[in-house]
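Asks: According to Swiss-Prot, the protein carries these features:
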DOMAIN    59-369  domain 'AB hydrolase-1'
ACT_SITE  SER165  active site, nucleophile
BINDING   ARG235, ASP364  substrate binding site
ACT_SITE  ASP330  active site
SITE      ARG332  site 'Important for acyl-CoA specificity'
ACT_SITE  HIS363  active site
Amino acid sequence: MTDVALPPAALTLPNDSVGVVTPQRMHFQEPLKLRNGSSIAGYDLMVETYGTLNADRSNAVLVCHALNASHHVAGVYADDPRDVGWWDNMVGPGKPLDTNRFFVIGVNNLGSCFGSTGPMSTNPATGEPYGAAFPVVTVEDWVNAQARVADVFGITQFAAVMGGSLGGMQAVAWSLMYPQRLRHCIVVASTPKLSAQNIAFNEVARSSILSDPDFHGGNYYAHGVKPKRGLRVARMIGHITYLSDEDMAEKFGRELKTEDIRFSFDVEFQVESYLRYQGDKFAEYFDANTYLLITRALDYFDPALAYGGDLTRAMAQTQASFLVASFTTDWRFAPNRSRELVKALLDNKRPVSYAEIDAPHGHDAFLLDDPRYHNLMRAYYDRIAEEIGA
């Protein structure tokens, strides 16, 4: 279990923070069979927990992360109090996912670059980093690995599995692969599968990495370099899809970086400066091989594929109650994609609540502190708490 410590004397945190947290490294020796037919053994998963697991282990909530996030869902680290968890506004004492009532688990997925076994890890067969030799992983593989984490805690059924974007896909996969192991499935700003346009954006991003001279076929670690140029462009492309046109107009408009145009190809507009800043920052902390793996996992997710593309038939296996939420200006995973999932659930007479939230911030709205959005989540978790007596 993650240690939750008192903050250092010099560090003052809000009363609704989970405080200073320490992640736990879980080691699993038993091979994990992957969807591609291979397996991986002797792997690690980074885990953080918040709150207290009750006696009957009924108050656990699994939070699944999106592309560039990790197990660090909430709180801060003692050695870097600026590193606040990526969903800190959602998880904590008195917050929508209230850690006074729920035991919350964050798991860093296989293939990531934040401590779980991935391309940067040492391949026991060679003694060198896996690099391009790391197996392609899928959403289903992540869910199977997360189930093993639940087993370690003795959790037979989650009160809820929750996620936004790619995290929402993992929540859907949980409802299909382990239907008896979750009471509620909370899917935010997500989709039952990527559209051709979504896949196209991922392909352009991957191509920018693959064509970077410093990529070296994915084995750039041995060369002491990193394909930062490709990562920068990939992040810039992705970031455009996370924001709405309205939000970009409000933040940047056509504002120039300097007073007058300079008739050059240097940064002229504020929006250019912003994208370059985001790209530079991302290239410093993220791994290119991980980016390739996770975007490909996004592409492959399609639970209806085994049912001839019939999502209604696919969702017939679910037993959980659902909350599905979308945002009006999200064009990466537009509201109609969430409605596809809702329709499939209703066709199967499954209990589902749906909210389409009018918010100007595009796809990234699921990470923001919108009162209507948070009130929705708070009310739904109040309902879950009442069900389980938390």
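Yeah, the Cβs are placed from backbone N, Cα and C, and that goes for glycine too.
Quantities reported herein were computed from a predicted structural model and do not represent experimental measurements.
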Asks: Nearest to ASP330 (active site) by Cα, among SER165, ARG235, ASP364 (recorded positions)?
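Replies: Going through SER165, ARG235, ASP364 one by one, the Cα closest to that of ASP330 (active site) is ASP364.
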Asks: Determine, to the nearest whole angstrom, how far the Cα atom of HIS363 (active site) is from the Cα atom of ARG332 (site 'Important for acyl-CoA specificity').
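Replies: So the Cα of ARG332 (site 'Important for acyl-CoA specificity') lies 6 Å away from that of HIS363 (active site).
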Asks: Hey, of the recorded positions listed (ARG332, HIS363), which one tops the CB count within 10 A?
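Replies: Per the Cβ count within 10 Å, the most buried is HIS363.
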Asks: Around ARG235 (substrate binding site), how many other CB atoms lie within 10 A of its CB?
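Replies: Its Cβ has 23 other Cβ atoms within 10 Å.
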Asks: Measuring Cα to Cα, how far is ARG235 (substrate binding site) from the residue listed as 'active site, nucleophile' in Å?
Replies: 16
Asks: In the structure shown, with every protein chain counted, which of the recorded positions ASP330, ASP364 has the densest set of Cβ atoms within 10 angstroms of its Cβ?
Replies: ASP330
Asks: Looking only at Cβ atoms, how many others are within 10 Å of the one on SER165 (active site, nucleophile)?
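Replies: Looking across every protein chain shown, the total is 26.
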